[in-house]
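These notes concern the structure reproduced below.
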């Protein structure tokens, strides 16, 4: 019978070491492994049963693989596959059965304090510690009353994709017997590593932890710790396991790698072959350093490449000003930097900012003039095609034969007379001929500006432009790069797609008679190859590739051992729940705020607002037509504001009297009556010259024979009544107009869908709601707007001008084509013509109509007392429609630019998709008004037929879709009339009132460069893809890289939640 002496841990350790030495000797001698014979019904190792030599009186727990009768040295590597197969094929020799050992008594464990403690029972385990001992694992050799070393208890991890991002933490002891053994099929037995020293995980986690798995996804090294990552399935659920591996075995040798690995790091290290020598932070920092060096030298190495020949020698135009203009030579302006981009203008000895004194279109490279002279002679600086002209006009007889001068073909300078210019010929139909040097219609300060159709003869001068310089616009390394014109000399002739280049122009390629210029990396690389690979172009290619190399390094480092596709599918695709559509309902919603309608859910228009970029255009004071007068029952001696002070208001009379181009008239009514002043009637000749000798006045004196003097009732018929009227255009002190430009306007419609707010625009006309998707037929945005904030005698209101003005056409004198002063003190536009005064009787049928433009009607009114009468004054519209007047602003503007003429179409998608009906009949009463091929949209209005939405086409061009009813839209027209309109069915002819661009131009005026805008062309997707193949390829690469990065980030965040708070 076996001894019942208590077994200590030291005795157990010595026995295990002796057994290990015996096994090593046996394996060294080449002896085969001995196996304990089993009954035939118990050959299967997976079944549990009693051994043949064990007594049936008491069960015995097997200890790991030793319970199967297999002995193996765990501190050494497993035998090769050939030897393992050979050993399995041999039949083991039978051995005599051993006597069943007695059930051992509970041993005594050394406590280190001279005492002993009962050893755990080796029977059925009752706790995790006993279960670990029963599996053959021991606690580490240390004093249990002292603190365990760091390596005594380590942490491994498990997580399952079926349970979400939930991590399970398993704390266990290391076995110090080396690498864990293998089963007979060559798989690991993780149960031999399970020796928990922390809380017992749930049963399904323990079952997953003990699941055998031979595939290893990777071996991770961090400091002195090593982990093996595995993934496997348990009952259809995919699990991930991260196991802590021992660093050294009992005999001091390094632990070998597991035999079944699917990936192995090839980077070598002297100590740990599978460790990574350099991690991602070092590689990423090195890449950032290279990128910083490359970008830092990009400005020096990246220069636009111009493939050009030697520039031709251009003759300089002469600067002859003539002997008669020597006193004006010191006033010639000289542009400091770029005149059309805010340069300086020298007037006399003073330098002023060009933006303060020049018209607005001067700065935009258009046409304009600036008056530098006094009232007696017109001296102007004119600007057109980014060139400056010095124009002088005075009363000197013209020379007999002027000699014109024409510059070289490559120069854009206009013709310049070699001699002093002469004034224009008399007559409005004459022109300056060879004397014209680019000066256009002047706006002079004196009234004698009626010669040559307002064309002023003059000299042309040019300033010395700086040489043409280019720069490259880098956009984060994304092709194509653009060429930026820093300074431009017009004589060089650089153009971008046929349009002359100006400072600030951005273009992929510039062309001139001297060659081409580009910043494209492909062209730069080609030119670099042709020029023996110069350093600057090689550096350009390197800078282009560095960002993509860094992205590739980061993506490869982040995604090399993570399932990017699975994580992207799980996080991105599974996280998006598209709305389920059902029936389609279509209705309309009025555009007034507060309107509501009922689709499957109630929809209400909460409000309308628009967003834009605002640029202040200054302020101006509009011209104001003001008139006053008096009705007197006698002929006054002094017909003026002073002489008529008792009948005429003093303030308006003085304001009108001091105005420009005033009209003042005095009428004598019933002058041929007997007595009194009747003898003066013979002196009322048409000019009233004799009357002026006795009654000094600045007014015109005219008789008014035939008018009734009933206004002065209660007098004899021989009395004489006089009427005095005064009118002029003045600057009203309480009327101002401020101009603001709105660009990139976008209308935002604020809807309330079943209580949920939703904003729709032309870019995003959809609303995703819990009830379905709402699609809104949003009218097009108004485009560029001009806001006129008019403050007339304290009553402020805003008017809106649609579209950008045509400053090179009929809008050259409009408010938006001027640069106004901030203090609203500038009067804009040409000086108004003199108003016309007319005396009209009270019963004249003419009073049933309205006064004509520039007319003022004066009517005497009978007073309520004797010798008392009054005047009724009616003023007509202004006599010049191209000048800034309140009526001009009201005629060319609207009060609500973003209010569409028709309702909003609402399409609500809810169960059975149905196709929306489309109108197949032609629209009715379609009218087209505007201009074609001029870059500005024309107005198209009419009535859409019923039966569904009308997809309107004008001469084959798609204009838009409109619901049944009245529609108003704007469209760019490329063809002249007639216009055929259709809604998908038969076409009908529309009435048209359009003009071409030639009808908008002035004769004899030189304009700046402008392009003709056309409507958007139609092309197929294949044509579009062929034209943008490079952008599509680059976009696909960027999308793949971005998807990989997002997948890595999503998966990291997905698992980080469970790693921070494991269960």
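Here the Cβ of each residue, glycine as well, is placed from N, Cα and C on the backbone.
What Swiss-Prot says about this one:
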- 1-131: region 'Disordered' (REGION)
- 30-69: region 'Human C1QBP/SF2P32-binding' (REGION)
- 46: phosphoserine (MOD_RES)
- 153-197: disulfide bond (DISULFID)
- 353: N-linked glycosylation site (CARBOHYD)
- 371: N-linked glycosylation site (CARBOHYD)
- 410: N-linked glycosylation site (CARBOHYD)
- 429: N-linked glycosylation site (CARBOHYD)
- 535-555: transmembrane segment (TRANSMEM)
- 556-582: topological domain 'Cytoplasmic' (TOPO_DOM)
- 590-595: disulfide bond (DISULFID)
- 619-824: disulfide bond (DISULFID)
- 641-653: disulfide bond (DISULFID)
- 658: N-linked glycosylation site (CARBOHYD)
- 670, 671, 718, 719: Ca(2+) binding site (BINDING)
- 699-712: disulfide bond (DISULFID)
- 758-767: disulfide bond (DISULFID)
- 759: N-linked glycosylation site (CARBOHYD)
- 791: N-linked glycosylation site (CARBOHYD)
- 807-817: disulfide bond (DISULFID)
- 931-934: disulfide bond (DISULFID)
- 950-983: disulfide bond (DISULFID)
- 1011: O-linked glycosylation site (CARBOHYD)
- 1012: O-linked glycosylation site (CARBOHYD)
- 1029-1049: transmembrane segment (TRANSMEM)
Whole-number Å value for how far residue 791 (N-linked glycosylation site) lies from residue 824 (disulfide bond) (Cα to Cα): 11
Residue 712 (disulfide bond): tally of other CB atoms within 10 A of its CB: 23
Using Cα positions only, nearest of the disulfide-bonded residues to residue 950 (disulfide bond) (619, 641, 758): 758
Top Cα neighbour of residue 759 (N-linked glycosylation site) in the set of disulfide-bonded residues 590, 619, 931: 590
Fewest Cβ neighbours within 10 Å, where candidates are the disulfide-bonded residues 590, 699, 931, 983: 590
Site of maximum Cβ density within 10 Å, from disulfide-bonded residues 619, 641, 758, 824, 950: 950
Spatial separation of residue 595 (disulfide bond) from residue 767 (disulfide bond) - C-alpha basis, Å: 18
Residue 653 (disulfide bond) and residue 595 (disulfide bond), Cα-Cα, nearest whole angstrom: 52
Nearest of the disulfide-bonded residues (712, 931, 983) to residue 758 (disulfide bond), judged by Cα-Cα distance: 983
C-beta crowding around residue 653 (disulfide bond), within 10 angstroms: 21
The one of 595, 767 whose CB sees the fewest other CB atoms within 10 Å, among these disulfide-bonded residues: 595
Nearest recorded site to residue 619 (disulfide bond) by CA-CA distance, among recorded positions 590, 658, 712, 931: 658
Cα-Cα distance linking residue 653 (disulfide bond) and residue 791 (N-linked glycosylation site), given in Å to the nearest integer: 23
Spatial separation of residue 658 (N-linked glycosylation site) from residue 641 (disulfide bond) - C-alpha basis, Å: 11
Alpha-carbon distance [residue 590 (disulfide bond); residue 653 (disulfide bond)] in Å: 51
